[in-house]
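K.L.:
Sharing a structure here in structure tokens format.
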Amino acid sequence: TRLRLLLLLGLLLRVAVCSVNTITLCKIGEFKHENLCCLQCSAGTYLRNPCQENHNKSECAPCDSEHFIDHKNRESECFPCSVCRDDQEEVAKCSRTADRVCQCKQGTYCDSENCLERCHTCSSCPDGRVVRKCNATMDTVCDKFDSEPGQSGSQCFCFSKPLGIVVIIAAFIIIIGAVIILILKIICYCKRGENIQLSSTML
Ligand SMILES: *[C@@H]1O[C@H](CO)[C@@H](O)[C@H](O)[C@H]1NC(C)=O
Ligand SMILES: *[C@@H]1O[C@H](CO)[C@@H](O)[C@H](O)[C@H]1NC(C)=O
């Protein structure tokens, strides 16, 4: 009977914990305010007052001009829109749901993450050999192979190839020379040995 009592207690505890959980856990798109789950404000609006009843809408107000929020939220105010610098142009307007998009003006580019520096002037290719035109985020790509004669890869290759052959031939001659000297030394040594043998037999 004691065991039953314990089991019952455990069950009661679990029920209590679960009911607490259902109160505190809010659904996706909701947020917790005191003991209530309130619906988040939609993009383009900010939170003025949280809901009064569980799972109800909150009081949301539209963003002021030059302000935006691009996601569901519970922010107390909208974010100010970016302002384009004088070396940039606007490519997307500021709206309640999206920030203004700026990019470098025609003929200039900026390839860093947020372009905190100024836009750079697009490079021009010496012989007009453009592989890829400059745009707002990437500089011009030139055909380097033809625009820099004397420094291209093939020239280096043409120089190194005969040089390599010379080195190989030189190494070959040195090895053969060494082998010949070695053979001569062995022959000399053998002859000297013969001489010693000869002199000993003569004695
Ligand atoms: C709150 O939710 C209840 C039940 O879903 C609904 O009847 C009521 O109209 C809602 N109140 C507001 C202010 O939206
Ligand atoms: C610039 O060109 C690159 C490569 O083609 C591309 O990935 C990038 O999106 C372009 N940028 C703009 C702003 O069009």
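Just so it is clear, glycine is given a Cβ too, placed from its N, Cα and C backbone atoms.
Please treat TrEMBL annotations as automatic predictions, because they have not gone through curation.
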K.L.:
TrEMBL annotation: C63 disulfide-bonded to which of C51, C60, C78?
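P.N.:
That would be C78, the partner TrEMBL lists for C63.
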K.L.:
Tell me, from C60, C102, C104, which cysteine TrEMBL puts in a disulphide with C84.
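P.N.:
In TrEMBL, C84 forms its disulfide bond with C102.
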K.L.:
Of the listed cysteines C94, C115, C119, which one does TrEMBL record as disulfide-linked to C104?
P.N.:
C119
K.L.:
Please report the number of other Cβ atoms within 10 Å of the Cβ of C102 (disulfide bond).
P.N.:
18
K.L.:
In the repeat 'TNFR-Cys' (62-102), how many residues does DSSP assign to helix, to strand and to coil?
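P.N.:
Residue counts for the repeat 'TNFR-Cys' (62-102) by secondary structure: 0 helix, 13 strand, 28 coil.
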K.L.:
Any residues 6+ beyond the ends of the domain 'TNFR-Cys' (103-142) with a Cβ under 8 Å from its own?
P.N.:
85, 87-89, 91
K.L.:
Within 10 Å of its Cβ, which one of these disulfide-bonded residues (C81, C104, C119) has the largest number of other Cβ atoms?
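P.N.:
Neighbour-count leader: C104.
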K.L.:
Which number gives the other C-beta atoms within 10 angstroms of the C-beta of C78 (disulfide bond), all protein chains shown included?
P.N.:
23
